[in-house]
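Before anything else, here's the structure in question.
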Amino acid sequence: MGMVADGRGIVAEQSSRRRWFAFAVLCGMQTMIVIDVSIVTVALPTIQRDLDIDQSHLSWVINAYTIGFGGLLLLAGRLGDLIGRKTVFIAGVAAFTGASALSGLAWSQEVLIATRFFQGVGAGLAYAVAIGVVITLFTEPRERGRALGLVGFAQAAGASAGIILGGAISHAMSWHWVFYVNAGYSPLDAAFSLMPLAIASALTSLTLYPRLATRFASRSLLVNGLTAVTGGLLLATRLPTDPLYAVDILPAITLVGAGSGIVMPAVIATSMTVPDLRDAGLASGVAATSGMVGDTAGIVILTTAAAAHTATLLSGGSQPLPALNDGFHVAFGIAAALAALAAAIASLLLRRHAPLSTPVPR
């Protein structure tokens, strides 16, 4: 009997190791996908100059990736349910890596935009099934909370690392190397100034969320996390034209980061409470698509509002810097209102004591 028990313990330990190894691979890919979104942004001026890209076409270096990424999320999620999430994930990683190498070799804007599209396709395939795999790997609530917190940490780390790497690589080497990574303020200064946001998000998702997820329902986590985000954005609406970083900027971005570190994994956990594991891929795709639509719509709404308000003030004779600052105040105010609205919706529509259900295979 002792030998049988020992044998079962060894098998269980090996199984646990395999799960966490697979999870580490998933988190690594999540980090690379987020890095690829932010790393290119900093290098855009250099890319524009070297490839002689017209200003009207420059946005397509980003848009091509976004279209490829967002266009396949739902299909990829369902495809993972039908033919296997491992197969879809490996295909996505292969496409992403190959397209990254080709992007680094791009000699014209047409080639770069095309390869960026296929980068997005590969990223979408891998991203759509990743959360579904996490949910099936970890069915015990405490382990699942820890895993989702680590996913949030990986995404926050990728966002901050991408900005820093983009600035450093394009400055010290060449913009081509930005893609090989995958296979007042300078951009680098700006990246470092935003690090507290990423650090706060990473710390809360990695350390605080796993503990809270086993004690409180997603409703409470979302409402309180979104309230923190709202508070940080409201602080940002009061930024003066000559802010002191430690006094005016740091508290706002830290509060937004801390709240986001709770909200992101809580949203993932809530969206993945499916009754059947066979639908996890589709649920993952729907959640990822919703996030992509929200990101895109948010950028459009906030930048349009800021630009319109700034233009109105400039036409009325205001100085450029105060006008621009007021435009940002409007954008931050709208973002705060949207975060508060999201908190209200979560409070009203989610059940007060709804535990995260464990999907059961049929």
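These residue numbers are counts, starting from 1, taken along the chain as shown.
Including glycine, each Cβ sits where the backbone N, Cα and C put it.
Okay, these came from TrEMBL:
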DOMAIN    22-362  domain 'Major facilitator superfamily (MFS) profile'
TRANSMEM  20-45  transmembrane segment
TRANSMEM  57-76  transmembrane segment
TRANSMEM  88-107  transmembrane segment
TRANSMEM  113-138  transmembrane segment
TRANSMEM  150-170  transmembrane segment
TRANSMEM  190-209  transmembrane segment
TRANSMEM  221-239  transmembrane segment
TRANSMEM  245-268  transmembrane segment
TRANSMEM  280-308  transmembrane segment
TRANSMEM  328-350  transmembrane segment
Do the transmembrane segment (328-350) and the transmembrane segment (88-107) come close, with at least three CB pairs under 8 A (pairs 6 or more apart in sequence)?
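Per Cβ check, the transmembrane segment (328-350) does not touch the transmembrane segment (88-107).
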Between the stretches 88-107, 221-239, 245-268, which wins on the count of C-beta pairs under 8 angstroms to the transmembrane segment (113-138)?
88-107
Check the domain 'Major facilitator superfamily (MFS) profile' (22-362) for me and report the mean pLDDT.
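When the pLDDT values over the domain 'Major facilitator superfamily (MFS) profile' (22-362) are averaged, the result is 75.
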